[in-house]
Amino acid sequence: MSQTLVLKIGTSSLTNPDTGHLALATIASLVEVLSQLRQEGNQVILVSSGAVGIGCARLGLAERPKAIALKQAVAAVGQGRLMRIYDDFFTSLQQPIAQVLLTRGDLADRSRYINASNTLQELLKLGVIPIVNENDTVAVDELLRFGDNDTLSALVAGLVQADWLFILTDVDRLYSADPRIQPDAQPIVTVERMEELAALNVNAGAQGSQWGTGGMATKISAAAIATNAGVRTVITQGKTPENIPRILAGESLGTQFQPHPRPHNARKHWIAHALVPTGKLILDDGAAKAITTLGKSLLAAGITAVEGEFQSQEAVCFYDSAGVEIARGLVNYSSDELQRIQGRQSEDIPQVLGYAGAETVVHRDNLVITG
């Protein structure tokens with residue numbers, strides 16, 4: 001049966017950890033596996049890191065640059081070399097590829113999000129393997145950066161409604177702690193629900209490699225995003241991409257995250273994960289219960305505080321009285337308007353604002369439970 005597969009490979013798997021030079025044997029193995037999966041009728045997308053790391057090696061830089069302008073320049077050098085190498089390897093197997101560079105802004109805008117989805121779907125129909133990376137050269141605003149390709153791969157998996165997301169990294173699976181530091185760390189084979197990780201006392205840490213940006217914490221976060229979209233997610237060893245067909249065949253390799261039994265629909269997945277929240281609404285207990293358990297829209301009467309500056313139709317986070325995030329949604333009022341009507345009954349709003357606004361602050365169709 002044909003399936004849609006998204007595979008993310010990180011800088012630590014693509015390069016030598018000491019020199020930053022390309023691990024050509026790993027790339028050759030990866031290309032062979034992906035080409036074979038495509039020949040078997042599967043649709044395949046590769047999300048590849050490595051542009052900055054490869055650029056550093058090409059320019060003789062001893063470490064990853066921290067200054068944004070320099071990092072963007074280095075990424076431009078590395079991205080061209082990375083794609084040339086992929087093209088050489090894939091062409092030797094008669095497998096066409098395409099370069100797709102995305103920014104967070106591309107996915108935060110609804111029309112561009114849909115257009116990106118349409119483009120990827122057309123490439124897949126043509127039998128092409130899209131190679132996706134963040135467009136580091138133009139992603140200036142830190143709020144509009146993915147920050148790491150783990151998050152990007154999870155959003156792409158949701159974008160194309162993939163069946164599988166494989167996050168290839170420098171360990172064979174998720175452990176209760178870093179096995180390179182703590183030899184008694186326990187392997188985790190299957191995660192049915194993300195809440196299980198807290199019960200297992202998983203210490204993911206936050207450190208990426210010298211040449212990359214994503215640590216294990218970002219991979220767990222990416223798994224949460226993907227599984228909420230109904231995508232089965234696997235964290236496994238990047239140096240052995242030949243394990244991917246074995247996992248698809250049912251072997252227990254890596255850590256497998258089961259898809260959420262009630263995944264978000266495409267629009268709600270976009271609201272929950274592709275948008276960048278610009279403010280916070282603090283809710284009283286009645287409003288928190290109404291939206292989380294009763295499926296209600298949010299009314300002004302249930303808001304106790306407004307934080308941040310935002311306009312109508314921007315994304316905000318909702319917090320309960322204990323300070324826990326419980327939902328996200330698109331607001332029908334600006335932060336200035338909400339400061340004036342918070343705690344008010346709906347029938348009082350026209351008098352307070354001087355005009356008739358929306359009946360709800362956030363309609364339930366534009367609201368996603370996250371907590």
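Cβ atoms are placed via backbone N, Cα and C, with glycine included.
Small disclaimer: the values here were computed from a predicted structure and weren't measured.
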Site co-member for substrate according to Swiss-Prot, given S49, D136, out of N42, N149: N149
K8 (ATP binding site) as reference: those binding-site residues from S49, D136, N149 with C-alpha within 10 Å of it: S49, N149
Per DSSP, three-state class assigned to M216 (ATP binding site): helix
Site of maximum Cβ density within 10 Å, from binding-site residues S49, N149, T218: S49
Confidence summary (mean pLDDT) of the domain 'PUA' (278-356): 96
Cα separation, S49 (substrate binding site) to D170 (ATP binding site) (Å, whole number): 13
Distance from S49 (substrate binding site) back to T218 (ATP binding site), taken between C-alpha atoms, in Å: 14
